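Reviewing the structure listed below.
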Amino acid sequence: MWLYLAVLLGLYYLLRWFRERQVVSHLQDKFVFITGCDSGFGNQLARQLDLRGLRVLAGCLTEQGAEQLRNQTSDRLQTVILDVTKTESIAAATEWVKECVGDRGLWGLVNNAGIFHSHGYAEWIKIETYRDTLRVNLIGVIEVTLSMLPLVRKAQGRIVNVSSILGRIAFFGAVYSCSKYGVEAFSDILRRELQHFGVKVSMVEPGYFRTAMTDWQKFSEIMKQIWKETPAHIKETYGQKFFDAYHDLMKQGLLSCSTNLNLVTDCMEHALTSVHPRTRYSAGWDAQFFFVPLSYLPTSLADYILTRSWPKPAQAV
């Protein structure tokens, strides 16, 4: 019985491996638009796809980021300034992309731009921070996608949305997790609604990686500032000892982030270039072998595993 199941499982993975190795033809004629290319995953993906021969259209927040990217890539790569929180910026970028791609349409749209404001417990964070994060990480994804969707549909192309393992299992960073759960839901709906148009939608769910968003020094400074601005009655509820212990816990986690960004960008590239892309990509060993399996456990068991090492607030019962 077990041998039979093992053989079936082996055949399944062999078939999946074979299907996923099939590459889309004429990649050199495909246009891919990527948001958030100033640094991090977006910057690396832009350079990676440029080396592969694709026609990369890179959305950057700053002219400095755009210039640095152009200096590191071939003449094929083009840049545009894009602020995903501004409707007029998205509209202008869409018109620019339309002119670039012509009648071919847009093969790939990668929604990568994001911010990371997860520097404390949920009630420490100001409501403005929740709004700002959702405006970039969720509303920005939705608005860019809806604006460029006709171009993607014309090419029967791909949409790749960068979520997070915190969009699969929420245990830290209420602000960020809320935005990424929204990206997951939006992507699932898009995938089902667009299947009849030949458009494929994938999500990439990275674990912990070292980028500008997870730089410990900057993270620590913001975290201390947030704690300083937290109302006194809330600070009394948790206590300074709790904050110090929580601060050290965050330090351990962020300093252990993976530096191999290719684990993420390779997933993005596969979603854009494979004939049979996956629906979800869990990027990083922590995501694949800890957080994703954890997400399938009973909630009470997952809660225990995740929080057993957390410090206790001063007024805990």
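Each residue, glycine too, has its Cβ placed from N, Cα and C.
Look at Swiss-Prot and you will find Tyr176 tagged as active site, proton acceptor, backed by sequence analysis. Swiss-Prot lists 33-57 with the feature NAD(+) binding site. The substrate binding site feature in Swiss-Prot is assigned to Ser164. The annotation N-linked glycosylation site is assigned in Swiss-Prot to Asn71, Asn161. Residues or ranges marked as signal peptide by Swiss-Prot on the basis of sequence analysis: 1-17.
Asn71 (N-linked glycosylation site) sits 13 Å from Cys37 (NAD(+) binding site), counting Cα to Cα. Around Leu57 (NAD(+) binding site), the same-chain residues six or more apart in sequence whose CB sits under 8 Å from its CB are Phe31, Val32, Phe33, Ile34, Leu77, Gln78, Thr79, Val80, Trp96, Val97, Cys100, listed in sequence order. Cβ neighbour density within 10 Å is lowest for Leu49 among the binding-site residues Cys37, Leu45, Leu49. Counting only same-chain residues six or more apart in sequence, the Cβ atoms lying under 8 angstroms from the Cβ of Ser164 (substrate binding site) belong to Tyr176, Ser177, Lys180, Glu205, Pro206.
Here the glycosylation sites are Asn71, Asn161, and the one ringed by the most other CB atoms within 10 angstroms is Asn161. Note on the recorded positions Phe33, Phe41, Tyr176: the fewest other CB atoms within 10 A surround the CB of Tyr176. Here the CA atom of Asn161 (N-linked glycosylation site) lies 12 Å from the CA atom of Phe41 (NAD(+) binding site). DSSP assigns Phe41 (NAD(+) binding site) to a helix in the three-state reduction. DSSP assigns the residue listed as 'active site, proton acceptor' to a helical segment in the three-state reduction. Each residue contributes its Cα atom, and for Asn161 (N-linked glycosylation site) and Leu45 (NAD(+) binding site) those atoms are 13 Å apart. Neighbour list (Gly53 (NAD(+) binding site), Cβ cut-off 8 Å, at least 6 residues apart, same chain): Leu27, Gln28, Arg76.
DSSP assigns Leu57 (NAD(+) binding site) to a strand in the three-state reduction.
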